[in-house]
Amino acid sequence: MTPRFDYIVVGGGSAGCVLASRLSEDPTVTVCLIEAGKRDVHPFIHIPAGFAKMTAGPWTWGLHTVPQKHANNRSIVYVQGRVLGGGSSINAEVFTRGHPSDFDRWEQEGATGWAFQDVQKYFLRSEGNSILSGLWHGTTGPLGVSNLAEPNVTTRAFVQSCQERGLPYNCDFNGPQQEGAGPYQLTVRNQKRCSTAVGYLRPALSRKNLTVVTNAFVLRLLFEGRKASGVQYSVGGKVKVVAAEREILVTSGAIGTPKLLMLSGIGPAEHLKQHGIPVVQDLPGVGQNLQDHYGVDIVAELKKNISLDKYNKLHNMAWSGLQYAVFGTGPAASNIVEAGAFWRTSPTIEVPDIQLHFLAGAGAEAGVMTVPKGQAGITLNSYLLRPKSRGTVRLNSADARIAPLVDPNFLSHPDDLRLAAKGVMLSYEIFSQPSLQKHIREICFFNTTKPSLEDCEAYVRQYGRTSYHPTCTCRMGSGPDAVVDPFLKVYGVEGLRICDSSAMPSLLGSNTNTATVMIAERAAEFIRASA
């Protein structure tokens with residue numbers, strides 16, 4: 001007999017864990033959460049510094065982009081989490097919401113009721129901040145948020161160098177003012193990562209009305225007429241089916257969600273026909289509108305071994321592990337991306353258009369100019385916050401196990417190249433300020449004392465990468481390219497919603513995980529209200 005549940009949540013990532021937890025709070029309904037990856041048992045997941053070891057292997061999907069025409073035809077590694085908690089289990093734990101104007105823009109783009117004044121309470125509902133409170137912060141939510149207790153000496157020097165460059169100090173990027181430089185708040189509670197699997201799902205696992213299935217590869221959604229009726233998946237070599245009495249909620253991320261919809265017959269009709277997939281609903285916007293932050297790293301070699309790189313040496317690594325195991329302190333308690341900044345490349349614009357991430361070490365990202373082996377360094381990453389380039393997610397095959405064709409189309413709009421180059425120039429200038437210069441031996445850049453904008457553009461094309469923030473591939477709104485309405489219901493069918501980052505109308509001016517959690521919180525309220 002086919003198991004039946006009121007709600008089936010497809011994808012146990014940042015959004016899926018939130019939905020499964022919130023919906024199962026009602027003991028009168030049954031919920032099934034299906035996740036392709038494993039449970040979040042690896043110790044590196046829970047150690048804040050461990051994320052640097054989790055960006056490859058079985059905890060990710062192993063994706064690469066198609067060759068990027070405007071980035072020297074490079075195929076770029078495209079990390080997406082494949083584990084309970086999804087990206088929130090393997091990211092750098094940076095907690096930022098986006099600028100309030102981002103959400104006001106969403107409403108202007110057709111997402112009625114998603115202005116900042118509408119969504120702020122869902123941010124606060126999710127947040128359990130142990131440091132800050134008041135109008136801008138929640139203190140009782142499931143998602144633990146804190147500040148790093150012991151920032152590296154180079155992190156302090158970075159924040160000082162930003163001020164020397166003209167960026168004001170900002171101790172709270174999630175407060176009334178986003179602009180400036182300062183420490184990042186982190187999704188860390190009691191010196192351990194607080195993913196949505198930890199904060200939301202773990203307390204719910206004992207509920208009898210919640211079933212969690214891991215290592216389950218979803219093959220397609222099933223329909224009875226125009227109503228989404230079930231999910232077909234493979235686990236342990238066997239194909240199984242679960243049925244939905246009320247709704248199916250897809251939370252498979254900005255790559256996985258459009259792929260699953262298209263495999264199930266929802267998407268651009270001609271593209272589906274090319275792969276022999278019967279069309280359930282022609283929705284041209286599925287898999288279109290891919291937006292992501294194109295990040296560029298610059299590394300500087302240090303005069304002395306004072307960054308977190310010193311813990312790459314075996315004896316120091318052993319000591320840091322012991323310190324963390326016994327006291328929960330030390331370098332292992334660092335998320336490495338300890339501080340950052342939001343800044344405007346022109347005084348004429350109203351909101352920041354560049355974000356910086358400072359890493360208290362070198363080598364977290366492969367493929368850039370870096371320090372000699374055995375030497376210590378620091379890294380400064382920059383990215384433009386609202387790129388104009390648009391990409392796609394397309395099927396490569398009707399076989400669900402074949403990875404899709406991911407094309408972010410990075411730098412296809414000339415304004416993106418110009419802005420990214422300005423971000424690199426800003427990074428170089430910050431590295432050149434007195435507070436950091438006293439620690440820096442050499443900036444690992446092209447052989448030039450001061451790069452030109454053309455030098456920076458060449459660097460951007462050769463060394464830029466994804467910032468792991470894909471969004472908008474099933475965008476919410478109105479018009480022919482919209483996929484879901486403002487209640488996250490998929491147009492043209494019944495009993496199906498998309499409740500993850502793919503539903504964003506446009507990319508946020510910050511990291512995206514926190515807003516993804518907000519979307520899931522709001523989705524849970526929509527679903528309960530319509531039951």
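Glycine residues also receive a Cβ, built from the backbone N, Cα and C atoms like all the rest.
No curator has checked TrEMBL annotations; they are predicted automatically.
For 81-104 (among others), the entry in TrEMBL reads domain 'Glucose-methanol-choline oxidoreductase N-terminal'. Only residues 6 or more beyond the boundaries of the domain 'Glucose-methanol-choline oxidoreductase N-terminal' (81-104), in the same chain, are considered here, and those with a CB under 8 A from a CB of the stretch are 11-17, 35-40, 42, 45, 48, 51, 54-55, 58-61, 114-116, 118-119, 123, 145, 173-174, 178, 184-188, 193, 195-198, 201, 212, 214, 253, 335-337, 340, 350-352, 357, 468, 506, 508-518.
Ala92 (FAD binding site) falls outside any helix or strand according to DSSP and counts as coil. Spatially close to Ala92 (FAD binding site) yet at least six residues away along the chain are Phe51, Asn335, Ile336, Val337, His357, judged by Cβ distances under 8 angstroms. Marked as FAD binding site by TrEMBL: Val83, Asn91, Ala92, Glu93, Val94, Val218.
Note: the domain 'Glucose-methanol-choline oxidoreductase N-terminal' (253-267) comprises 11 helix, 2 strand, 2 coil (DSSP; helix = H, G, I, strand = E, B). Summarising the annotation, TrEMBL assigns domain 'Glucose-methanol-choline oxidoreductase N-terminal' to 253-267 (among others).
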Under 8 Å by Cβ from Asn91 (FAD binding site), counting only residues of that chain that are 6 or more apart: Phe51, Gly81, Tyr468, Asn511, Asn513
Chain residues in Cβ proximity to the domain 'Glucose-methanol-choline oxidoreductase N-terminal' (253-267) (below 8 Å; excluding those fewer than six residues from its ends, i.e. six or more beyond): 10-11, 13, 61, 63, 78, 80, 86-87, 218-223, 277-284, 286-287, 290, 393, 395, 398, 400, 404, 406, 470-474, 483, 490, 492-493, 498, 500-502
Sparsest Cβ surroundings (other CB atoms within 10 Å) among the binding-site residues Val94, Val218: Val94
Proximal but sequence-remote residues of the same chain as Glu93 (FAD binding site) (Cβ under 8 Å, at least 6 apart): Pro48, Phe51, Leu186, Thr187, Val188, Arg193, Asn335, Val337
Site extent for FAD, whole Å (max Cα pair distance, Val83, Asn91, Ala92, Glu93, Val94, Val218): 30
